[in-house]
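Colleague: This is the structure I have questions about; it appears just below.
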Amino acid sequence: MSKPDVAQVKAFLLQLQDEICRSLEQADGVGRFVEDAWAREGGGGGRTRVMRHGDMIEQGGVNFSHVYGDAMPASATAHRPELAGRKFEAMGVSLVIHPHNPYVPTSHANVRFFIAEKEGEEPIWWFGGGFDLTPFYPFAEDVQHWHRVSRDLCQPFGEDIYPEFKSWCDRYFFLKHRNETRGVGGLFFDDLNRWPFADCFAFMQAVGRGYLDAYLPIIERRKAQPYGEREREFQLYRRGRYVEFNLVYDRGTLFGLQTGGRTESILMSMPPLARWEYDWQPEAGSPEALLYTDYLAPREWL
């Protein structure tokens with residue numbers, strides 16, 4: 001395995017955060033990200049950037065963090081005893097965008113790197129990440145575009161990579177208590193160290209950059225589409241599922257909250273408004289019903 005270059009990964013992640021914020025500000029036209037730089041007591045820190053009340057983006061956050069320490073928390077080494085007694089570094093960019101317009105899907109992306117080192121031993125390292133789309137009023141052409149970008153960026157790394165990481169995404173973003181996917185998926189990967197460091201890093205970069213290629217054209221197509229109170233109410237109802245997933249299943253959220261992470265940055269992914277309604281059912285044959293029948297179960301899009 002080629003030796004990991006931690007500084008190179010960090011430089012890319014900082015640049016990626018800048019690039020994503022710049023592109024989303026452009027797409028919004030009015031809103032600006034406000035930065036909150038923070039430090040972690042045990043070592044490290046980050047840059048949390050949040051946009052609120054933009055023209056297209058109701059609320060969105062793009063977070064960079066880089067934390068390190070002399071030993072992993074017990075909760076992290078319980079199922080990975082080989083990490084015990086090693087100093088560690090973890091860094092990543094994660095983002096969630098909640099648009100105003102119900103015809104523009106919510107999107108999420110994350111790329112991260114982890115390394116644990118011990119004097120006289122080989123470092124243990126891996127990459128993780130992915131991106132996924134959560135439409136409220138889906139258009140097949142948008143979902144196909146999202147998955148086409150996903151497939152194309154995976155192609156140079158092997159024919160089997162897109163099907164593997166697409167399927168992992170479908171399994172991961174699944175609400176068991178609702179028996180539905182969170183959205184229409186995309187890519188998800190973790191523990192990636194199957195190739196030399198340079199190749200794994202190149203894949204993580206492709207995913208990070210691919211997010212904008214996948215999302216920006218959908219924003220442009222849908223952001224001016226007229227909507228009314230009915231669509232807004234449904235958007236808020238479906239956002240409730242986003243909250244349920246993040247608080248019940250999301251590994252990053254749970255790990256962060258359980259290990260004394262920065263709560264404001266961890267909960268940045270929450271929508272600004274959401275609603276619940278007892279035993280709500282969509283009207284048969286309605287656009288809302290179409291989401292349930294055609295989009296909230298894993299399927300092949302290409």
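Backbone N, Cα and C define each Cβ position, glycine as well.
The model shown is predicted, which means the values in this text are computed figures rather than measured ones.
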Colleague: For the annotation region 'Important for dimerization' in Swiss-Prot, which listed range does it cover: 134-169, 206-241, 242-277?
Modeller: 242-277
Colleague: Sequence order is fine: just name those binding-site residues in Gly260, Gly261, Arg262 with a Cα within 10 angstroms of His108 (divalent metal cation binding site).
Modeller: none
Colleague: Do you know the mean pLDDT across the region 'Important for dimerization' (242-277)?
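Modeller: That region's mean pLDDT is 90.
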Colleague: Pop the Cα-Cα gap between Asn110 (substrate binding site) and His98 (divalent metal cation binding site) into the table, whole Å please.
Modeller: 15
Colleague: Going by DSSP, how much of the region 'Important for dimerization' (242-277) is helix, how much is strand and how much is coil, in residues?
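Modeller: Across the region 'Important for dimerization' (242-277), the residues distribute as 22 helix, 0 strand, 14 coil.
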